[in-house]
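First up is the structure itself, then whatever we jot down about it.
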Amino acid sequence: MRRWHSLLEIIQFPLKMLFVAIILTGLGTLITNQSLSVFWSVNDRNILLLADLFKRTGSFIIVNFPFFVMIKFLATKSNSSVPIMIGITGYVLVLVITMLFQPAGLPTSASSAILGLSYSSSLFDRTRYPLQTGFFACAAVVLASRIAYSKSRTKSIYGFFSFVDRDTWGLILTLILCMITGFALVWLWPIVLNLLNTIFEFIATDITNPMNLFVYGVMDRLLADLNLGALMRTLFWYGEQGGTWINNLGVNYMGDVGIWTAQMNSLITPSGVGRLITPYYVLNLFAVPGMLIGFYTIFTDKMEKRRIRLFFLLAILVSLVTGTLLPLELYLLILTPLLFVFHLVVTGALFGIFQSMSVTLGFSYTGSTVTAMPGTLFDFMLYVRNPNMQNTIQMIFLVGVILFVLYFAFTRFYFKYLALDLFNTGASKRRVEGFILAVGGLENIKMMHSSPTRLTIQVVDSSLINFSQIQRLGASRVVESRAGYSVNFGAGSTIIKNEINKRIKEMKRSA
């Protein structure tokens, strides 16, 4: 558990990068989105170029987010830049192998111009790009690089390759392992794609079935979190799996988003489409803000709450304007897996519920599925003005209010009762008692505060603290600060703090 909590510390900065990237992409999209011309219209060349700068910079970070996470992992546990350099070299090798040797006949959504790599040749019938493997290739490269670098540190200065220094030897070993990794992905990834395609075919058999849409909703978020969202969204947003529509001129439009966009451009009130977008209005405008407010209320230190208040206000604003599902879900997956599962189930249920109620609200979009931002406030306001959509708007608002309360309440309930020892095995009691002993007993505790990730404690006599015992109890880090000792127990920090405060009150009453 301690190692799992330490993952959050490693991925924390990449998540901040992702959050900034979403803001940049959202700003650029808001400025240039033609469907929002009813609110504003920008024709200044410099502003349009600045908007494109924001979009391209943010999109690059979002599309290549696993690459930045990989760099952060490579930089961990090493004061040298060598592991980072050999890891990046190995990653490029893996990408090139999957680009050149991928089997023929794979769907176009299976590959992407990762890091700008592409290959055109008469040997192939189309331009080739590296396989889109999301976090899987990056994880394999991190493992290969760490093994190679560790082995290179024990290389003898004698022998046949004595002229090769340890860093170069680490590079050679990394290239060998990454070459094996690349060819393994070329062989295994089509099998993964076939398994996913089986699920996609099940969903497409009846896109109007609430159960099928439940599966779609869960898969959509899982694949997006793995940086593989384009595999499914391309098929259902712009492909025939999402439906087809022929206009009066005989032009055939495909996909849920493609049809919605075409009908809106034709000044037709969309009918029978938008089902793959509707839940995002509830998630971005109601559910996520409710969860963020729930997180904020878990902080018990008033000084810290004042310090982070602006961040939470900004996060809520970003959720309303662009959506923050991706960084939030990755954060939940590492810090609070149960909350992540709760969110996945509710998301899938929303797809099914709205379909059973015949409530659909899409959005007009023709760009990349990876950087798409469905279900934003401005899109919602755009449709509020349409008198033919009033019933849909009212139902979304009603369900949204319910989800706001549900996400807020369940977030608080989770941190107070479910984050530690969910199955009542006694682990919570043992950890509380062990922590009390490790800090010198209840009498040595002066004050305690908690947050969603850590416990802050002030003691009377710091010499009584057993730091090694605290780490054995599952703390990933113990840091001394002005506020006291900050102990990272992860999501269980609130439960530990509440239980200890309860025992302190009982001790004072019995005194």
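A Cβ is built for glycine as well, from the same backbone N, Cα and C atoms used for every other residue.
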Per TrEMBL, the range holding transmembrane segment, considering 223-245, 361-383, 430-452: 361-383
Outside the transmembrane segment (129-149), six or more residues from its ends: residues with CB under 8 Å to it: 66-67, 69-70, 73-74, 78, 82-83, 86-87, 90-91, 94-96, 98-99, 102, 106, 109-114, 117-119, 170-171, 173-174, 176-178, 181, 184-186, 189, 226-228, 230-231
Distal contacts, the transmembrane segment (169-189) - CB-CB under 8 A, six or more residues away: 82-83, 85-87, 89-91, 93-98, 101-103, 110, 131, 133, 136-137, 140-141, 144-145, 147-149, 151-153, 155, 161
Chain residues in Cβ proximity to the transmembrane segment (53-75) (below 8 Å; excluding those fewer than six residues from its ends, i.e. six or more beyond): 10-11, 13-14, 17-18, 20-29, 31-32, 83-84, 87-88, 91, 112, 114-115, 134-135, 137-139, 141-142, 145-146, 227, 326, 368, 370-371
Residues in the domain 'PTS EIIB type-1' (429-510) grouped by DSSP into helix, strand and remaining coil: 43 helix, 19 strand, 20 coil
Candidates 82-101, 334-354, 395-415; stretch with most C-beta pairs under 8 Å toward the transmembrane segment (280-298): 395-415
